[in-house]
Amino acid sequence: MRIGILTSGGDCPGINATIRGVCKTAINHYGMEVIGIHSGFQGLLTKDIESFTDKSLSGLLNQGGTMLGTSREKPFKKGGVVSDVDKPALILQNIQEMGLDCVVCIGGNGTQKTAAKFAAMGVNIVSVPKTIDNDIWGTDISFGFDSAVSIATDAIDRLHSTASSHKRVMVIEVMGHKAGWIALYSGMAGGGDVILVPEIPYNIKNIGNTILERLKKGKPYSIVVVAEGILTDGRKRAAEYIAQEIEYETGIETRETVLGYIQRGGSPTPFDRNLSTRMGGHATELIANGQFGRMIALKGDDISSIPLEEVAGKLKLVTEDHDLVIQGRRMGICFG
């Protein structure tokens, strides 16, 4: 069997470990041939490929990014690397001409939607969920999330010392456009006093009162963790806006920090390395068993899979009854 593998959308720690898990299992256990497709779906349009061997996969486990490269090419939308052609039809033709029996797609929500469409067209597809945002429906955790939370938590830890030294409020902005999982998990792990996520409405006066109450209790500094997506009207960056409003409400010197793309870079955590390896191996097992049109998922501590059509177009969001939100409120943390 000849399988292709691609990575699409934004990069994150753990992609290379997943590629390694898929390919080493395919080559060493099942005797399959594996073809790497460069730059996501763009590579399927241009036939930009390479053959993998066991040797070529050495050293991948701890590397960030993706050895295959990635792009945001959308095969079902106009534009991109090729124009004035039926891109889905061209991809189907190229898959046949390259002799691919199956394609493994590693990506986020957009990739899952695209994979579901190709599966509906008869392409043998298996997908692996990848995002630092942890917002892919159907899996408890996506690889990349733990690494991003670790990076954000380390930054929050460092801000505690400078905030306490200057008796300031420090606002740190983390990634999460529609889902606040990174803000929630890093905010709780880093001892944030205020945690703002897109899913829970906030009130600046409530936030200001929380900070002033801390001051009355002899706590002269505060840490505020915000997800980038809490602002919906495009006024400013979330951290900048919240910092200005807090300083206006409280009169306390407030500074902001935006972590940005640093959350996507660097080596994956041990948890993500193991999760990626397991997910990659399970993807190859599905292929060997002829189970296509499915996305790998983590349920509890078990790796399973679910139909792609159940995943496409859905988001996994933070809810107010999530255990961490409930526990945070019990401890006096303000969620807005």
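Placed from the backbone N, Cα and C atoms, the Cβ positions cover glycine too.
Note that the structure is predicted; figures quoted are calculated from it, not measured.
According to Swiss-Prot, the ATP binding site annotation covers GLY10, ARG72, GLU73, GLY108, ASN109, GLY110, THR111. In the three-state DSSP scheme, GLY10 (ATP binding site) falls into the coil class.
For ASN109 (ATP binding site), the same-chain residues 6+ apart in sequence whose C-beta sits under 8 angstroms from its C-beta are THR131, ASP135, ILE136, LEU315. Per Swiss-Prot, the feature Mg(2+) binding site maps to ASN109; the stated evidence is sequence analysis.
Summarising the annotation, Swiss-Prot assigns site 'Important for substrate specificity' to GLY110 and lists sequence analysis as the type of evidence. The number of other CB atoms found within 10 A of the CB of GLY110 (ATP binding site), across every protein chain shown, is 15.
Non-local neighbourhood of ASP133 (substrate binding site): GLY108, SER142, PHE145, MET175, GLY176, HIS177, LYS178, ALA179, TRP181, ILE182, each in the same chain, at least six residues away, with C-beta under 8 Å from its C-beta. Annotated substrate binding site per Swiss-Prot: THR131, ILE132, ASP133, ARG168, MET175, GLY176, HIS177, GLU228, ARG255, TYR261, ILE262, GLN263, ARG264, in sequence order, evidence recorded as sequence analysis.
Swiss-Prot lists ASP133 with the feature active site, proton acceptor.
Secondary structure at ARG264 (substrate binding site), as computed by DSSP, is helix. Counted within 10 Å of its Cβ, the other Cβ atoms near THR111 (ATP binding site) come to 27, all protein chains included.
Listed binding-site residues: ARG72, HIS177, ARG255, ARG264. The one with the lowest count of other Cβ atoms within 10 Å of its Cβ is HIS177.
Ranking the binding-site residues ARG255, ILE262, ARG264 by Cα distance from GLY10 (ATP binding site) puts ARG264 first. Listed in sequence order, ILE151 are the same-chain residues at least 6 apart in sequence whose CB falls under 8 Å from the CB of ILE262 (substrate binding site). Taking CA atoms as the reference points, GLU73 (ATP binding site) and ARG255 (substrate binding site) are 37 Å apart.
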